[in-house]
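Trainee: In case it helps, Swiss-Prot gives these features for our protein:
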- Asp13, Asp339, His340: Mn(2+) 1 binding site (BINDING)
- Asp298, His303, His351: Mn(2+) 2 binding site (BINDING)
Amino acid sequence: MSKFNRIHLVVLDSVGIGAAPDANNFVNAGVPDGASDTLGHISKTVGLNVPNMAKIGLGNIPRETPLKTVAAEINPTGYATKLEEVSLGKDTMTGHWEIMGLNITEPFDTFWNGFPEEILTKIEEFSGRKVIREANKPYSGTAVIDDFGPRQMETGELIIYTSADPVLQIAAHEDIIPLDELYRICEYARSITLERPALLGRIIARPYVGEPGNFTRTANRRDLAVSPFSPTVLDKLNEADIDTYAVGKINDIFNGAGINHDMGHNKSNSHGIDTLLKTMGLAEFEKGFSFTNLVDFDALYGHRRNAHGYRDCLHEFDERLPEIIAAMRENDLLLITADHGNDPTYAGTDHTREYIPLLAYSPAFKGNGLIPVGHFADISATVADNFGVETAMIGESFLDKLV
């Protein structure tokens, strides 16, 4: 019999809690990540007021320097620790795949200076359309269509851009480049980015409509991902007929592998929380695992190095945390964590190599305290242990620490 009937894992995308031991092996604009500290620097520079996460034990997580504005609780309501990444990457897919039990020894490729000419030329030759070279760099998805949408409407050229993650995105106005053509081009791009020097996690079709100054991305987005190279704990759960629910971009990250209920993309963190609450309230969800990603911290504020916005986003999540707790059933377990760092006060615009926090709460808890510092995959090992399935490649369960 499972200790917890349901486990809800919520990933606060990029909410790191201090430089990892190997952080100096990773760089941002030429600066090693060794001094990065997403939560620490936000707390220090703009203040951080997250009483509900603090109540569970956020301020109790061991650090060289305590979080300046998040005090340790004498009697927290849950358990807390920080976890280290072992995989050779600091991107979204690597972080999530490791959380689910994989060790990624060959990281995906990211393109901070845009894609090589060879890739763009192949896409041009296949599609018969030119590529707007000025867009070929990490770009905000809304900004890139504002900047180059008018030109695309005039010329029919392709808008190809990337981000901090190993993705190639193609934006196309639906009245200029029909959806079936866009999807066909994306499928070709997928076929040429499956190995080095361009091993990409996802190709994303980004259709939009509207007029210059008033463009809107549509729901016709399509993701062409790669599946994890080895079974994850999601697959193990699925094989055991244990329900798995994905909220936000989780289904895309795993290419649907091991997920039997995709609850859809999030329009915002708030919308994602609404979807999680709806999922938790499903009468048929009596036993199983929900996996939620809230990406606004990373996409809207981390990469844009906006510490005030990042702080406010954390406040907004913390204000809604009581709703999540109220939706829990007696034998539910809530795990709150991250997938990498993205220090909004740091050099560059890339993710930062950091520990991730882990907060654990259940109405059934009799105890509280610290869990020993571990690794990302310990989360999936704990989920597997709870439901009586095999672990994946790596991870040590801390289930017996939760009492």
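Just so you know, glycine gets a Cβ as well, placed from its N, Cα and C.
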Trainee: Under 8 Å Cβ-Cβ from Asp339 (Mn(2+) 1 binding site), six or more apart in the same chain: what's there?
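Mentor: Spatial neighbours, sequence-distant, of Asp339 (Mn(2+) 1 binding site): Val11, Asp13, Ser14, Thr92, Gly95, His96, Ile99, Asn293, Ile356.
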Trainee: Quick check for the class: what is the C-alpha distance, in angstrom and rounded, between His340 (Mn(2+) 1 binding site) and His351 (Mn(2+) 2 binding site)?
Mentor: 7
Trainee: Counting only other Cβ atoms and using a 10 Å cut-off, which of the binding-site residues His303, His340, His351 scores lowest?
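Mentor: Comparing Cβ neighbour counts within 10 Å for the binding-site residues His303, His340, His351 gives His303.
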Trainee: Within the chain of Asp298 (Mn(2+) 2 binding site), which residues six or more apart in sequence place their C-beta under 8 angstroms from its C-beta?
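Mentor: The list for Asp298 (Mn(2+) 2 binding site) reads Asp13, Ser14, Thr92, Asn342, His351, given in order along the sequence.
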Trainee: Could you tally the C-beta atoms, other than its own, that fall within 10 angstroms of the C-beta of Asp13 (Mn(2+) 1 binding site)?
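Mentor: Taking every protein chain into account, the count is 23.
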